[in-house]
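Chemist: Can you keep this structure in mind? I'll have questions shortly.
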C-alpha cells in the first residue's frame, strides 16, 4: 500500500512538472487550478469514440449478448451474484437490458445524448456484472469504471453529434477529465506491476510453457523455451507493467513507451482470450499525449489552417467539491486492490475475487477433478452430480462463497426435479433423493502455479450448513501446501524426463493431507500406470481385494487399470506422490492443440473474427426483437438448447 501511495504521488508530481507547477508549493488551490485548467477536447473525443465502438463488440461477445438465450434463458441455471438478494430478470427483460446497453455504447461512440447514453450503458453493464461473479475479470471491471468516468466528463463536447447539434460549441474540457482517466490507466499498469512482485511471478512459475507460442518465434533462435518464459514473459512483463505508466506520463520517454505498450497489448491479444481488453488499452494510451494531438495529426493531411492556440475558459462552478470527489476516487482505487484483509470471506489461496485487484496472470490454475457429492440424510444414500450441471463455467469451484451459492442452487433445483418426478406415473423414485434433508459436499483438486494437485476444501464439510461471511476467514478452506513448493523444479525435471519415454507418456503429481483419502479410477485408455511416493506415507487399497499396501518415500507400485483404488495418507505430515502412465489419446489431443495454435497465427484477430462478430450481432438483435414482441404481444421466446 505504501508503494502504491508513492506511485500515485509520483504520477501527480510528474503531471505537475509537465504543467510547470512547482511541487514544493502544492496546495489545495494549486491542485484545484491544475485540475480545472482548460485542455483541448480532441484526445478525449478520440478515446470516447474508440471506447464506445469497442464496447459495441464487447457486449455482443464477452458480455454474452450473442448467447443471451443460453446464458440467461434457463431459470434453473446457477448464477453467483455479489449481493445475495440481487436477482436476474426473466429472459425477455434481460434481452431488453442488453439492447439498452448496446444502444448506450453506440450513443457514447457517437456522442449523442451523452449523459443519457452513458447511463444506458453503465446501469445495465454494472447490473449484469454484479449478477454473476463467475464471469468477473479485471478488464470487465475496468470497462465499467471507464464508463462511469466518461459519464462524469465532458467527452461529448467535441467530435460528437451533441456538439454538432448544439449552439454552444467549445473545444475545451477541464484538465480533470484527462487526469482521472489517466490516473485509472496508470493504476492499471502500476498495480499490475506491484502485484507481480509476488515471488510466484518473479520466480517464473505463473505463466508456464507460453514460450512455445508462435508470437515468440523471433526469440526462439536466441533463447530456450524456459528462458523465454522467464526473461521475456515474466521479467519483461513485470518491468513493463511497473514502469509503463511513468514512461507514458514523461514526455521524453512517451514515443518509445507508446510503441512498447501497443506491441505488448497486440501480443496479449494473440496469446490470451481476453476479448477487447488489448484494444481498449491501446485506445487509452493516446490520452497521455498532448490533448490536441489529433488536430495536429489531421492538419498534416486534411486541415490547412493553423490550430488556434487559444482555448476558451471552462465553468468554474463547484470546483472545490469536485476536487475532493476526485481525490476520494483516487484514494479508493488505490485502496481496493489491497482491501482483502477486510473481505476475508472472498479469499482462498489467493486474495479476493479475481476482478478488481489488477493481479493479472499472476496465478494460473489447473483443475483436474471436481466431485459434487449429495447425501440423502434420511436414507443415507450418496449421489454424485456432474459439476458442470446448471453452470456455464467452473470458476465457482475455486471460491468458497460461490461454492455455497452453488450448493443452495443445486438443492433448489434437485428438490424441484424430485417433486416433478414424484408426480409422474411409473417413476422409479427409489433412484432419487427421498427427502429435503440433504447435505452437499465438494471435493476440488487443483494446482496453483505448477504445484502438486491438492484438495482446496475440506471434502467432509456440508456446504448447506456453511458458516460463511464476507468478513470471516473460510473455515473449510484447506491450506496451500507451500512446504512442497520447492518441488516445482523437480516436477519440471521429472515431466521432461517422462515425456522422453514416448509420445504418449504423461505424469500427474498429487499431494494430500493426513487422514484424507483419494478414491481414483484408472481409465482403460491408460497403460503401464505406476504410483510412486515422493514424500510422506500412504496406504493403497484396490477394489479387487481387501489387502492394504503401505508405501513410503521412494516406493513404487503398478496400478491396475479399469478398477477403483484408494490412497489414504497416514502419518503426521502431508504426502505427495505421482502417477506415471502411457496415454493413448494424447496424440489426438496434440493434433487438436496444433490446430488451435495454427488458427491463432493471424496478427489481426478483429478482422479474422469479423464474420463471427457479425453473426453474433445479428443473433443478439434477433433475441432483443423477440423479447420486445414477447413483452408486448406475448410472442414466445425462441431459445437454443445449451451445448
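Using the three backbone atoms N, Cα and C, a Cβ is placed for every residue, glycine included.
TrEMBL lists these features:
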{"type": "DOMAIN", "residues": "36-293", "note": "domain 'HTTM-like'"}
{"type": "TRANSMEM", "residues": "90-108", "note": "transmembrane segment"}
{"type": "TRANSMEM", "residues": "114-130", "note": "transmembrane segment"}
{"type": "TRANSMEM", "residues": "142-161", "note": "transmembrane segment"}
{"type": "TRANSMEM", "residues": "176-194", "note": "transmembrane segment"}
{"type": "TRANSMEM", "residues": "231-250", "note": "transmembrane segment"}
{"type": "TRANSMEM", "residues": "271-288", "note": "transmembrane segment"}
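Each of the listed features needs to be described in terms of its position in the shown structure.
Modeler: Counting residues 6+ beyond its ends, the transmembrane segment (90-108) has Cβ neighbours under 8 Å at 48, 51-52, 55-56, 59-60, 63, 65, 68-69, 72-73, 114, 116-122, 124-125, 127-128, 147, 150, 620-621, 623-624, 626-628, 630-631, 637, 639 in the same chain.
Same-chain residues lying 6 or more positions outside the transmembrane segment (142-161) and placing a CB less than 8 Å from one of its CB atoms are 40-42, 44-49, 51, 55, 58, 108, 110-112, 114-115, 118-119, 121-122, 125-126, 129, 169-174, 177, 180-181, 184, 188, 277, 280, 284.
Residues 3-4, 7-8, 11, 15, 35-36, 39, 41, 43-44, 47, 142, 145-146, 149, 152-155, 238-246, 248-249, 281, 284-285, 287-288, 291, 322-323, 326, 329-330, 333-334, 337, 357-360 of the same chain sit 6 or more residues outside the transmembrane segment (176-194) yet have a Cβ under 8 Å from a Cβ within it.
Same-chain neighbours of the transmembrane segment (231-250): 7, 10-11, 14-15, 18, 182, 185-190, 192-194, 196-197, 201-202, 204, 206-207, 210-211, 216, 219, 223, 256-258, 260-261, 264, 285, 288, 361, counting only residues six or more beyond its ends whose CB sits under 8 Å from a CB of the stretch.
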Chemist: Short question: which residues 6 or more past the ends of the transmembrane segment (114-130) have a Cβ under 8 Å from it?
Modeler: 55, 63, 81-83, 86, 97-98, 100-101, 103-108, 136, 140-141, 143-144, 147-148, 150-151, 155-156, 160, 162
